[in-house]
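Heads up, the thing below is written out as structure tokens.
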């Protein structure tokens, strides 16, 4: 029996998770992003949303709650949450202008 296709939201969530694991563990521990893996993920997958972030090293430090120089999925998820909040703000401004 074929699985039903994912909804747009389900596919988006799967993409967020898959992207993390595509980049995580290439250098350091599997299941976490090293500094270089984080930079590679951001520059390849988030170039438009994080173009004004400033130093990626500083952004990494702000997300790295346990300060182990790696991002676990929960720390990476904080970045996704921050980006979603910014997009929501932009959408709210667009709605107000209408």
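Just so it is clear, glycine is given a Cβ too, placed from its N, Cα and C backbone atoms.
Feature list (source: Swiss-Prot):
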- 32, 37: Ca(2+) 1 binding site (BINDING)
- 64, 66, 68, 70, 75: Ca(2+) 2 binding site (BINDING)
- 18-53: domain 'EF-hand' (DOMAIN)
- 32: phosphoserine (MOD_RES)
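Shown on the structure are the features that Swiss-Prot records.
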| residue | record | contacts (Cβ under 8 Å, 6+ apart) |
| --- | --- | --- |
| 32 | Ca(2+) 1 binding site | 24, 25, 70, 71, 72, 73 |
| 37 | Ca(2+) 1 binding site | 23, 24, 25, 26, 27, 28 |
| 64 | Ca(2+) 2 binding site | 70, 71, 75 |
| 66 | Ca(2+) 2 binding site | 72, 75 |
| 68 | Ca(2+) 2 binding site | none |
(Q) Name them in sequence order: residues not among 64, 66, 68, 70, 75 whose Cβ is within 8 Å of the mean position of the Cβ atoms defining the Ca(2+) 2 site. (A) 32, 63, 65, 67, 69, 71, 72
**Q.** Secondary structure at residue 32 (Ca(2+) 1 binding site), reduced by DSSP to three states
**A.** strand
Q: Using all protein chains in view, find how many other C-beta atoms are within 10 Å of the C-beta of residue 75 (Ca(2+) 2 binding site).
A: 19
